[in-house]
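Asker: Mind looking over this structure? Questions follow.
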Amino acid sequence: MAPCSLCPPASPRRALLRRPKTLQAVCKECFFDVFETEIHHTIMGYGTAEQLDPTRPGHKARPGLKSLFTRGERVAIGASGGKDSTVLAYIMTLLNKRYDYGLDLCLLSIDEGISGYRDASLDTVKRNAEQYALPLKILSYSELYGGWTMDRVVSEIGKKGNCTYCGVFRRQALDRGADLLEVDHIVTGHNADDVAETVLMNVLRGDISRVARCTAITTGGDKQPQRDDGQDDADRLESLLPRTIKRSKPFKYAYEKEIVMYAYFKKLDYHSTECIYAPTAYRGYARALVKDLEAIRPSAIVDLIYSGEALASSLALPGRRAGGEWDAQALVDAAQAQAADGGADAAQAAAAVAGVLKGRTAGRKKTAQVQQSCARCGSMTSQRLCQACMLLEGLNKGAAKVDVQQQAA
Ligand SMILES: Nc1ncnc2c1ncn2[C@@H]1O[C@H](COP(=O)(O)OP(=O)(O)OP(=O)(O)O)[C@@H](O)[C@H]1O
């Protein structure tokens, strides 16, 4: 094979592989180095190597970007035993030491109760905890949701739609686990392929406000975890404060293929079986499409993410609400401020548009949703009961096919 394109030109090693992300021929050592450095850059808020490349229009280093973490933070790694979260646990441990982030790391696993799948992957997580010397907490759906495991849910509702239950339950279970562990922040192994798929799915559904949310590298973090050392786990589960825990995706720009290669060359111990209850059909199509596009042009993945980010920032224009709807008053204020700066023509035009919009939105139902605590479990929700409690109610009543799409925020 050709000489490594990242080694010093005077003494290059032989390339061993082609980087899936850039198609550069690289040696193993340079592959490890560039992969780890890109994750470090993502964590530090520098962006990816591509974002820093001044030849790429619109993707220059953005000065206002901040590090994902603060020194001293307690961070739980969502650990499923699969390739992404195993590499994440390894890399977080490595970078925390190498760059002295000062993080207190631990592993948090949710046992969904899928026999023949999760039990085997949890054994892997237990080994990872020893290999990386990280404390591990395992929390099960069964203990959180009154005996409902995913095996039981599927036997009740069938395979169709089961991923909705699992996703809603897991999200809440991770928050509850974070409370028990008293952590400030959860990181997950969602990678660039996952984010690109989600962007595509939301675009295909015409759900642009979700595009904005799914490209955010960090979400939540609006309240601090409850700290009370006098309680045992069961008591704490009963007394959770309403809040959303901060969540981040350090692999947002890392390609799935590179994660697999990294795990392979580092000989990491991970579990590689797919969930027996299979992913939802629609995501499956988006996944296949992203993989086809990647085969034609590898940058398609990161370009889809950039497109999602660009849509997200256009939603954040002055005068726009989080859901993407124009706020007439804010639009007029922004236009008047612009006029004061000398942009009188633009201001007049914007004020005229705002007038039209005001008329058009006057009779429309107000869509702003107020966050409150779930009347049953105390989790943050925009309705009286959170999604998990509504789904549980359906299961317990034997009327399990609740239309969660309607209930989704
Ligand atoms: N049971 C679980 N317990 C803890 N964290 C989980 C669990 N399932 C998923 N996660 C977190 O969510 C991320 C994305 O999950 P997803 O179901 O998409 O799995 P995946 O892409 O196969 O990832 P992995 O290879 O880590 O299993 C995981 O990388 C992990 O951080």
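Yeah, the Cβs are placed from backbone N, Cα and C, and that goes for glycine too.
Quantities reported herein were computed from a predicted structural model and do not represent experimental measurements.
TrEMBL lists 75-214 with the feature domain 'tRNA(Ile)-lysidine/2-thiocytidine synthase N-terminal'. The ATP binding site annotation in TrEMBL covers Gly78, Ala79, Ser80, Asp84, Ile110, Gly189, Asp194. Here TrEMBL flags 372-402 as domain 'Cytoplasmic tRNA 2-thiolation protein 1 C-terminal'.
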Asker: CB neighbours of Ala79 (ATP binding site) within 10 A?
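Answerer: Around Ala79 (ATP binding site), other Cβ atoms within 10 Å: 30.
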Asker: Rounded to whole angstrom, what's the largest C-alpha distance between any two of Gly78, Ala79, Ser80, Asp84, Ile110, Gly189, Asp194, listed as binding ATP?
Answerer: 20
Asker: So what's the mean pLDDT when you look at the domain 'Cytoplasmic tRNA 2-thiolation protein 1 C-terminal' (372-402)?
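Answerer: In the predicted model, the domain 'Cytoplasmic tRNA 2-thiolation protein 1 C-terminal' (372-402) has a mean pLDDT of 83.
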Asker: Select one residue from Asp84, Asp194: among these binding-site residues, choose the one with the most other Cβ atoms within 10 Å of its Cβ.
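Answerer: When each Cβ's neighbours within 10 Å are tallied, Asp84 tops the list.
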Asker: With every protein chain in view, what's the tally of Cβ atoms within 10 Å of the Cβ of Gly78 (ATP binding site), excluding that atom itself?
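Answerer: Excluding its own Cβ, Gly78 (ATP binding site) sees 23 Cβ atoms within 10 Å.
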Asker: Count the residues of the domain 'Cytoplasmic tRNA 2-thiolation protein 1 C-terminal' (372-402) that DSSP assigns to helix (H, G, I), to strand (E, B) and to coil, and report the three numbers in that order.
Answerer: 11 helix, 4 strand, 16 coil
Asker: Helix, strand or coil by DSSP: which one applies to Ile110 (ATP binding site)?
Answerer: strand
Asker: For Ile110 (ATP binding site), just count the other CB atoms lying within 10 A of its CB, please.
Answerer: 25
Asker: How many other Cβ atoms sit within 10 Å of the Cβ of Ser80 (ATP binding site)?
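Answerer: Cβ-Cβ neighbours of Ser80 (ATP binding site) within 10 Å number 22.
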Asker: Neighbour count, 10 Å Cβ-Cβ cut-off, for Gly189 (ATP binding site): what number do you get?
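Answerer: Other Cβ atoms found within 10 Å: 24.
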